[in-house]
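Annotated in TrEMBL:
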type	residues	note
COMPBIAS	21-30	compositional bias 'Low complexity'
REGION	21-44	region 'Disordered'
DOMAIN	44-199	domain 'Hydroxymethylglutaryl-coenzyme A synthase N-terminal'
ACT_SITE	E124	active site, proton donor/acceptor
ACT_SITE	C156	active site, acyl-thioester intermediate
DOMAIN	203-517	domain 'Hydroxymethylglutaryl-coenzyme A synthase C-terminal'
BINDING	S235, K290, K294	CoA binding site
ACT_SITE	H285	active site, proton donor/acceptor
DOMAIN	800-902	domain 'Beta-ketoacyl synthase-like N-terminal'
Amino acid sequence: MTSLAVGAVAGAIASSAYRRTSSFSSPSKSSKNEAPAQPRGNGKNVGILAMEIYTPRTYISQSKLEEHSGVSQGRYTLGLGQEAMAVTGDAEDVNSMALTVTHALLEKYKIDPNTVGRLEVGTETLVDKSKSTKTVLMDLFPNNTDIEGATVINACYVRCLDGRYAIVVAVDIATYARGPARPTCGAGAVAVLVGRNSPLALVDPRERATHASNVYDFFKPDHSVEYPVVDGALSQVCYYRALEDCYTKFCNKVDALNGVDQSSQGGSKDGDHFDADSADYFVFHAPYNKLVQKSYGRMHFVDARRKHARKLEGKNLFAEEKKAEEDDESDSPIAKEYLTKPIEDTYSDKALEGTLKNVSKSSYNTRLTDANAASKIVGNTYTASVFFGLASLVDKVGSRGELTSGKTAVVFSYGSGALATMYRLHIRDPTQSANETIGQGRIFTIDEMVKNLNIDQRLASREQVHPQELDLALETRARMHRGGAPYSPVYPTNGRMFPGTYYLNGIDSKWRRSYSRVPLDSEPEPEGTSTHLAPPMVLRLAKREALSTPVTGVLEVLTKSVSGTALDKYADAKARVACVITGTSAGMPYGDEIGKVFDPSNLQKLVEGKLQCIRPISGTLKMAMLDKNVVQLKKLGGGKTEAFPVSSDKDVIKVAAQLGTIDLTDSYGVPAGLAETMDIAAQVAVAAGLEALKSAGLVSGKSNDPSEWKLPEQYRDSTGVVYASSFPAMDAAVGEVMNCPDRQLADDDEAAFARLLSRVREVEGGDAASDDSSVSSTASTGPYQFDRKFLFRVLVLGNAQLAQLAGCRGPNTQTNAACAGTTQAIGMAQDMLISGRAERVVVVAGDNGSGGTLLPWLGSGFRALGAATTEAAVEDAACPFDRRRSGMIMGAGGIGMVLETESSCQERMKLPAIKGCNPCEIRARLLATQYSNSAFHGAALDRKHIASELNRFLSEIELIHGVSRAEIATHGVYFSHETSTHASAAASCAGNEIGALRAAFGDELLSKLLILNTKGFTGHPMGVSFEDVAAVEVLMRQVVPPMPNYKERDEYLGDIKISKGGAYACRYALRFAAGFGSQVAFALYASSQHE
């Protein structure tokens, strides 16, 4: 109902009659029910010469829809006044429908395309924000490029100045999201031939009134969906306002043109004034028939108010006239108080509404029933609605021989937003002498229109389909609308469409649409031949959605599906569970000199590319690694290897991202004794979990009072915890062993210690006395005492510690999938939500592989594999996907993420926020996860299997959620696992990752997918995935980080879309994680606005 489009279509007819070089004849007084004896205007009688309509061949019954929807009988048939509704799938769009109706108009009326000089299209169902539907229609005019006009989405009152025909096309597919407006869907198109000497003439363009205002009652601001934003109550009021404003102005203009004085002082009688009974017929914009009935009643109300106003103004009335008016008012069924009551106060008055219905009923049946007949069984057609009504009037009344010369029809065209136009058409018998050169003296008549329209028979030949087809078709159209290119429609064409119907072949990789036409001699399938309109793929999707599946959007269980001619009941199907993210946190490996580990702005800085955690490591740690006597084996080819000892400073790891200090007691009120039972990985994971709960609005966390970090009692039993770590408790275990000499240093030990101290001084430069204490503490000569809390450190892990501190009494577990740990833990949490084991799960991850205890061991291990970089400068070491990359960088940190069922989140939103807590909000949605094992190698990636798993993951997403690969590539980002390992191009992490992506997406789609990486900022934190929480932040802020230090393109990787950082509109974030031991995990996140 885009008002400007509707108004422009009306204006295309109205303004075509205008002629600047002529003057209009003087007005002459006439009876209100008759056209002037000498018609005003310029004598050209510009108006409608011919009309053609189109609506899809398939429809649903509104009474059957009532039954299917479970609403009360009569809700749609009586409440809306509708009987049926056209429905179409993804094989038709406004371009195809416009082609269908325009081509049929040219064929049926034998119009030479070269005689057309103007072509206007009105629609709000745009398929392109730049290329107009009018240009698509130019394929029907192959030898005529001299045609003015465009697709109208703004007010554009047009003229036809050179004597040629004009064609006005109004076309729309009305769609609504699930809810009370969905029964007012529909689809249709009308093509109108405009020219001189018309049988439906706008004789005088001054017989027109317009209303324009700025309101937000119906609009389409979100280009990612096809559905409008609708305020139903406001929309109805706006319709009334526009009608009453147009009608009042129109009456005044017609009265003035007829020489009728507007006030009673002029002596004109009420019978001279134009009113709701003056025209022979009225045609209204009809979103649903009940609104038209109510609105026509409002016109009678306006008449009564105008009459009353004239009475109050009259001072010189003859006595008998004055008494007659008083008697007339006393006999009026409209209570007198309504005549002076502010009109805005009458819009919701049910008593007045009933009175007006009774007052106008007889006149409505005479003047509007025929015009509304088609829209009652086609449904809402937006811009085409009023012209469907006009075609219905011509077809119904004309077929009875009653649409005769001298009669008039007043047309009211309306569009939300709001703009409306009212104008009058005069029925006439065209004359040969009045015609000019176009069409070789062609005469167009009402009878010819009736013959070609044949609306009753055409609508009777449609195929009725099951009401479920409406939801299936709209969901398919929604997936098409969200999806990117290329796209191939899945709905059937030949046999299910009328002969001569155009349909969408597909959208190619460059977003170009192509169309074909059903042959004119094709035979539609007899009704009942096919069980479904929707193809098997759509039916499988609908059935799959009825099962327990991690999906997002409206949490309604589809418990019915058409199977054959009967309904299959999925009584045992589990409820669909939507998983949403309500809280996130990240503990960054800053080091104490940079900032707090859990700075509130961590994630914002990360996605804005304003964070760099990687720093040079100390000489002590370098020497500790050198002292390990690491030997790297390099493959030389032919099965040969060569040993390369790591024996000098140039061969050792020089940079890492290391954690600063975490004080659980000072920050969270954790008792000191309890904090001492946790190793560093558990501490950072526990802190991340508490911060995530605070982010989710589940705890206040205003101070270090432990009670402020406890869940409210009502949430404790339904909250679970999953903890991921690659090296859980290893920090504590290795540290304890290193502190256990249990004897004095022997002579050999003394010599080894002296050598280590000498190396430290050599690397650090100068006096290394400052390092003596830290090194000697490891080789303490004092008596060793076993730490009685050792067992707690290595056995009671972060998941149990967090549960104890926050009161999470739901399912609780720990997982170790190496570097795929976090993403796998998120998948496990989603499984818990789907199975009903919990209503929310706190996923936490912590690792401290770059800390002073583990780095000498783990760093040496990665160095022995040739997997760690030895570059000294951060800009040379941290360069993911760059040709210069040479190995990974050790990191550390922790993350927290709160996942909830959407129903749980919505219930929390209804309640007042917990005192002092953040408000509950959906930050993003978790659409799907998948985790598996390649059963391949301890350290290497199996590219073929990863590609296969990614293909499986994407196929499941498309089947379950309707999100295509093209849509992910076009409207998504990819959070890579890329660690910068680069033993060889083919064996590198980036090489395997991009190879798998290319196999799953193809070259063209891969070139559209934006590639992101966080490890270039944070190092590799092992089992901690900053990528997953960063994905949520990117979807919230619509900002992406740049690829760190990217300078040189790697030809082996081919054409990939490397992020440059900054604002980036995206709806999806795809995550891939891999871990030692052939672990593979995927996740797909969607923005909170995703359906």
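Cβ atoms are placed via backbone N, Cα and C, with glycine included.
When the alpha carbons of E124 (active site, proton donor/acceptor) and H285 (active site, proton donor/acceptor) are compared, the span between them is 15 angstrom. Within the same chain, the residues at least 6 positions away from K294 (CoA binding site) whose Cβ sits under 8 Å from its Cβ are E353, L356, K357, listed in sequence order. Residues S235, K290, K294 are recorded as binding CoA; their most distant pair of Cα atoms lies 14 Å apart. Note: the CoA site is recorded as S235, K290, K294; in the same chain, Q236, Y239, P287, Y288, L291, V292, S295 also have Cβ atoms within 8 Å of that site's Cβ centroid.
A simple way to gauge crowding: the CB of E124 (active site, proton donor/acceptor) has 26 other CB atoms within 10 angstroms, across all the protein chains here.
Its own atom aside, the Cβ of S235 (CoA binding site) has 22 Cβ atoms within 10 angstroms in the protein chains shown.
Here K290 (CoA binding site) comes close to G79, L80, G81: these same-chain residues lie at least six apart in sequence, with C-beta atoms under 8 angstroms from its C-beta.
A Cα-Cα distance of 13 Å separates S235 (CoA binding site) from H285 (active site, proton donor/acceptor). For the domain 'Hydroxymethylglutaryl-coenzyme A synthase C-terminal' (203-517), the model's pLDDT averages out at 86. The helix, strand and coil residue counts that DSSP assigns across the domain 'Beta-ketoacyl synthase-like N-terminal' (800-902) are 40 helix, 24 strand, 39 coil. Every protein chain shown contributes to the tally, and the Cβ of H285 (active site, proton donor/acceptor) ends up with 33 other Cβ atoms within 10 Å.
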